[in-house]
Amino acid sequence: MAPPSGMEVEAPAATSSAKEIKSPEVVVPSSLSSLERKKLAAHFMESDERRFSSRRALLLAGGYDPPPSSAAAAGGTMPVDIRGRPIVGDADLSRTGGWVAAFFIFGNEMAERMAYFGLSVNMVIFMFKVMHRPFAASASSVNNFLGISQASSVLGGFLADAYLGRYWTIAIFTTLYLLGLAALTLCAAVPALVPPQDGCDKLAMLLGGCAPPKRWQMAYLEAALYVTALGAAGIRPCVSSFGADQFDERGGEEYKRRLDRFFNLFYLAVTLGAIAAFTAVVYIQMQHGWAAAFGTLAIAMGTSNALFFVGTPLYRHRLPGGSPLTRVAQVLVAAFRKRNAAFDSGDYVGLYEVAGAKSAIRGSAKIEHTDDFRCLDKAALQLDGDLAGGEEEPDPWRLCTVTQVEEVKILLRLLPVPACTVMLSVVLTEFLTLSVQQAYTLNTRVAALHLPVTCMPVFPCLAIFLILALYYHTFAPLARRLTGHPHGASQLQRVGLGLFFSVLSVAWAGLFERYRRGYAVRHGYLGLFLSPMPDLSAYWLLIQYCLIGVAEVFCLVALLEFLYQEAPDAMRSVGSAYAAVAGGLGCFVASAINSAVDAATGNVAEGRPSWLAQNINVGRFDYLYWLLAVLSTLNLLVFIYFAKRYKYRVKLDTQDTATKQQP
């Protein structure tokens, strides 16, 4: 139906005393559909929200209340202190949040990454040498640990957004993480928790002649590992979001610049933790043993936990908005129940939204309606009788608000972007294992410096560190001149640039591996796959390491920033979990590719070695790298397709709401 012509609205909030004015009469052509009339009406009316309860729907003219101004929107996402009291006024805001609070959070992330990478690089060797597990079984167990710890990050994001808030989620799971590391330290320090080491030399290990672990010993080790994985899963999706929460969203372009710099510094903290794991922890393990190495990780984690809790009075918090999974399920069920309803039916009233500045979802501002995924709009389709009996709150399994429907739409629109980064995680996972095997056949000595093979993964981290340190002095100014973009490049452009560099990295790896294998065949090293070739330096691997480091900087940093800014207000931890889940899926996909390649290319009966033969000089790692290059190229093309069609969310400071096309 056409909008009423005599509806009273508030004057703009800029005046100190608002006067009531009449909205202009609107003549609606009869040819317009009901949905088009609803949209047209929304341009000419505003609700006097003080006349309605905060849960009552706006049914006027089939319209709904558009998102409020920034001042009102702040009510939906207003920062609070640890007791849930709003932080209002410039004086209170100046005493909380900002860079000081963020640096306490950086320390927690640095220690967590140090522990994560420290376990990833050492645990396979610990299981093989100390627990006497077969090398393949050890690698499989650690890959499962890495994959589960990332893929289950959605659990931490869910708990943070639904019930606990990000601070308490980090506090609980970081304590679990510390308990897991302490249990691993105990395993390495107490002889009763590992099998006997007597008579277990290198030859006995290779031949499987060492005493195997007892079932309860492996159960203890795996329990400690998975407690650590659970701790990592709870922390990972929350730390970056909690750090970004410390900055004032009202800052406009200044807020965006601070957020951009925050995520770069955040990833710098990740990189420093990885560098410490690949150097200091490896050195401690070689010089002082496994208990000292794992104990170092536990001490670092305990210290960072203490610093995190010391910063408690400085933190700004966001209220949890209730179960996001329940809200998603309600939208899907409500849309299904009204699947046969039509927008032009006689019972159509409008799209349902609550009155007032705040949405019905705690911790979230209202979200403007969009035309994507129109089938989901039926969840907010209000028909005669949906509010029968004068009830103010409808059944959420039958009628949802526009904001709730838009949350689900946003989650669906975001999915292709992190999904396209799974391939980058596959390449990173393959490099972590395959490049180490390559390094065993190469000379790792430069002048008087001789690096252990297990330290080789430090070079991508050093490349990342260097690029992040120079980012604002080199890339950003140059990119601004070329693109005119205030940040040098948009978030999706940086993700795409990272994926492009990952293609270059794996393509170079294939070229170098072809040369390395040919060199081994020509110089009689075919059967000596654990003997370094003195005239071929391992530092040729630095090219692929540097390229993959550049790929990480552009892709993963921009991905974290993109997910935080684009995710719904009350689902930011779940949005950040998308990145971690993509990383975990990368581990599983890499294992699946390796298994498929091994099964398809190897035939013991015919004497045909697999591409992934244990003897790298007999296998064809170069073919696997070329396969990954092809898959990465196809993945990049798919990403470009979705990125060109993605529309960024626009959070406006006025009543004008729109979406803009990604540049």
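Note that Cβ sites are derived from N, Cα and C of the backbone, with glycine treated the same way.
For 1-22, the entry in TrEMBL reads region 'Disordered'.
Positions annotated as transmembrane segment by TrEMBL: 114-132 (among others). Listed by sequence, the residues of this chain that lie at least six past the ends of the transmembrane segment (114-132) yet keep a Cβ under 8 A from its Cβ atoms are 138-139, 141-142, 145-146, 149, 177, 181, 184, 188, 194-195, 197, 200, 205, 210-213, 217-218, 221, 225, 228, 232, 273-274, 276-278, 281-282, 285, 290, 293, 296-297, 300-301, 432, 454, 457.
The feature transmembrane segment is assigned by TrEMBL to 176-194 (among others).
Residues annotated as transmembrane segment in TrEMBL: 265-284 (among others). Residues 102, 106-107, 109-118, 120-122, 239-240, 243, 292-293, 296-297, 300, 452, 454-455, 457-458, 461-462, 464-465, 468-469, 552-553, 556-557, 560 of the same chain, all 6+ positions outside the transmembrane segment (265-284), place their C-beta atoms under 8 angstroms from a C-beta of that stretch.
Here TrEMBL flags 290-310 (among others) as transmembrane segment.
The annotation transmembrane segment is assigned in TrEMBL to 414-436 (among others).
According to TrEMBL, the feature transmembrane segment maps to 448-472 (among others).
If you look up TrEMBL, you'll see 492-511 (among others) marked as transmembrane segment.
With a threshold of 8 Å between CB atoms, the same-chain residues lying at least 6 positions outside the transmembrane segment (538-564) that come near it are 240-241, 244, 259-260, 263-264, 266-267, 414, 417-418, 421, 424, 427-428, 431, 435, 438-439, 442-444, 446, 456-457, 459-464, 467-468, 471, 491-492, 494-495, 497-502, 504-506, 508-509, 512, 516, 532, 572, 575-576, 578-579. Among the features that TrEMBL reports, transmembrane segment is placed at 538-564 (among others).
Positions annotated as transmembrane segment by TrEMBL: 576-597 (among others). Tertiary neighbourhood of the transmembrane segment (576-597): same-chain residues 140, 143, 146-154, 156-158, 233, 236-238, 240-241, 414-415, 418-419, 421-426, 428-430, 556, 559-560, 563-564, 567, 610-612, 624, 627-628, selected by CB-CB distance under 8 Å and a gap of 6+ residues from either end.
The transmembrane segment annotation in TrEMBL covers 623-643 (among others).
Touching of the transmembrane segment (492-511) and the transmembrane segment (623-643) is concluded from the presence of at least three CB pairs under 8 A, sequence neighbours closer than 6 excluded. Using the rule of three or more Cβ pairs under 8 Å, pairs at least 6 apart in sequence, the transmembrane segment (414-436) is not in contact with the transmembrane segment (290-310). Taking Cβ pairs closer than 8 Å, the transmembrane segment (623-643) reaches residues 416-417, 420, 422-424, 426-427, 430, 434, 492-493, 495-496, 499-500, 502-503, 506-507, 509-510, 513, 593, 597, 601, 611-612, 662 in its own chain, all 6 or more past its ends. Through the fold, the transmembrane segment (448-472) approaches residues 117, 121-122, 125, 261, 264-265, 267-268, 271-272, 274-275, 278-279, 282, 286, 431-432, 435-436, 439-440, 538, 541-542, 545-546, 548-550, 552-553, 557 of its own chain, all at least 6 residues removed from its boundaries and within a Cβ separation under 8 Å. Here the transmembrane segment (176-194) has long-range neighbours at 112, 115, 119, 126, 130-131, 213, 217, 220-221, 223-232, 234-235, 289-291, 293-295, 297-298, 301-302, 305, meaning same-chain residues at least 6 beyond its ends whose C-beta is under 8 angstroms from one of its own.
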